[in-house]
Amino acid sequence: MLFSNPLLAATLLATLGLAHPLAAEDAQPPQLDARQSRSTENAQGCADMIIVFARGTTEGGNVGTIVGPPLLAAVKQAAGGRTVAMQGVDYPANIPGFLAGGDRQGSAEMAKQVQSFIAKCPGSQVVMSGYSQGGQLVHNAAEQLPAAALQRVSSAVIFGDPKNGQPVAGLGQQKTLVICRQGDNICDGGNRILAPHLQYGRDVGKAAEFMVGQAA
């Protein structure tokens, strides 16, 4: 998504500053330890499932708070005896990146991480996932991955997708899940952060079932 109109950029800045507090009660994350807020599990080993996750704009840590940590917990619960790890994409997650359609360096880093896990963990199921601007990174990274790597990606799951309606390149529809809440202006191609955009922690169960099902 690219906004060339300075007024739109200014509107987004104002909206981000005003809309977040309105829905703070709906978006409270679970208590996390310091390790989780930096990079949950850090995916250094070869778990049965490895989720490469990109947080949303302005979120802190390496996997954010709204979706990343509760998603990992939900996938672990749904996975039964299989091991699950999550690796956060290290990128600025700032507003200019969102306005540019997803941070360029972050998109390249996500593609790099996916290829790295595919190469060093041939027995692992690798999942691409992102929230908000992180969803833009999923789209962009998929476009950068070679076909052989995309064949090894078990699924892609995006929450609050700014590129809603656009396919994830190289992945069939059956391997892709986009979760967009009713009233989410970001999913509608806008730039306003309204309450629905902050409520995707409620949808991690659905996402977890999809990820685990695709990894079966």
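Positions of Cβ are set from backbone N, Cα and C atoms, glycine also.
For 1-24, the entry in TrEMBL reads signal peptide.
Per TrEMBL, the feature disulfide bond maps to Cys46-Cys121 (among others). A simple way to gauge crowding: the CB of Cys46 (disulfide bond) has 14 other CB atoms within 10 angstroms, across all the protein chains here.
A coil conformation is recorded for Cys180 (disulfide bond) in the three-state DSSP classification, outside any helix or strand. Annotation comment: TrEMBL describes Cys180-Cys187 (among others) as disulfide bond.
As annotated by TrEMBL, active site applies to Asp184. In sequence order, Gly160, Leu194, Pro196, His197 are the residues of the chain that are 6 or more apart from Asp184 (active site) and have a CB within less than 8 Å of its CB.
Sequence annotations record features per position, and here TrEMBL assigns active site, proton donor/acceptor to His197.
For the disulfide-bonded residues Cys121, Cys180, Cys187, the ranking by surrounding Cβ atoms (within 10 Å, all protein chains) places Cys187 first. In the three-state DSSP scheme, Cys121 (disulfide bond) is classed as coil.
Reduced to three states, the DSSP call for Cys46 (disulfide bond) is coil. Residue density at His197 (active site, proton donor/acceptor): 27 other Cβ atoms are found within 10 A of its Cβ, drawing on all protein chains shown.
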